[in-house]
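Annotated features in TrEMBL:
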TRANSMEM  21-46  transmembrane segment
DOMAIN    39-289  domain 'G-protein coupled receptors family 1 profile'
TRANSMEM  58-80  transmembrane segment
TRANSMEM  100-118  transmembrane segment
TRANSMEM  138-156  transmembrane segment
TRANSMEM  203-224  transmembrane segment
TRANSMEM  236-259  transmembrane segment
TRANSMEM  271-291  transmembrane segment
Amino acid sequence: MLNQTLVTEFLLLGVTDIQELWPFLFVVFLAIYFANVAGNGAILMIVTSDPRLHSPMYFFLGNLSCLDICYSTVTLPKMLENFLSTHKAISFLGCISQLHFFHFLGSTESMLLAVMAFDRFVAICKPLHYAVIMNHQLCTQMAITIWTTGFFHALLHSIMTSRLNFCGSHHIHHFFCDVKPLLALACGNIELNQWLLNTVTGMIAMGSFFLTLLSYFYIITHLFCKTHSCSMLHKALSTCASHFMVVILFFAPVVFTYVHPASGSSMDQDWVIAIMYSVVTPLINPLIYTLRNKDVKRALSRVIRRRV
């Protein structure tokens, strides 16, 4: 008979058990977190305050910046706290809540990237109909739909995970609560949970990735077939380059984590990969969009001049 106990808390083992590295890692991740909040907060402030940026592209960019701030806030503050403490406990309710919001914001961002790719497809391939197709009502409906879908997708995982029985060790080999590390601690039948993770989460991730690639395929095909000016071709491709970089950096580790078959050694790799899409990607998004986007740079300079 398995020893099943009522779990009240878990222990997050974090990224390393070498205590001498904790102060250094605390400073590094604290700087990353502040840079993330400052960078994405600046973009959010610019796209909401500058009337010149009140277009579908920047409406979705504002959503992305908001998501990135929240996404890293779900995991990084608890990681920073654990660097300063030897008792790295998180309550059962706190663990399930962290799992819920992580999957809520992560799945929402994956769908948002697909919507942003569709927006670029309409802007480049259907420029005369862009204002009619990407009207304010449709943009608002798409944003509400992906946020709502992400919430209920995460709710499914959080409810199913909270109903599991846990026995033996309560040590989570990760720096935050996620479905895969918790399934490794569960006793009993976890086939349904594993199926939901691989199928439902996999469908959202791979579906969004496929639709994003499809949009870019049509964009590139349209540009090479219809555009005869090299300068116009370069300008159009440059417009999409920043977004495509974000897509690759986000989807590649997500697909590797949630779609590939689980293995005994995968747990040691998952936290490294998780840092890529939950910490690094939200940090570089503002850098990519501000350094490669002239409209955002001009709007930022106008804000700085007004402040000065």
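Here the Cβ of each residue, glycine as well, is placed from N, Cα and C on the backbone.
Automatic prediction, not curation, is the source of TrEMBL annotations.
Sequence-distant contacts of the transmembrane segment (100-118) (same chain, six or more residues past either end, CB-CB distance under 8 Å): 57, 60-61, 63-64, 67-68, 70-71, 74-75, 142-143, 146-147, 149-151, 153-155, 157-158, 176-179, 201, 204-205, 207-209, 211-212, 215-216, 243, 246-247, 250-251, 254, 277-278. With a cut-off of 8 Å between Cβ atoms, the residues of this chain six or more beyond the transmembrane segment (138-156) that come close are 56, 59-60, 63, 99-108, 111-112, 115, 196, 200-201, 204. Across the domain 'G-protein coupled receptors family 1 profile' (39-289), mean pLDDT in this model comes to 85.
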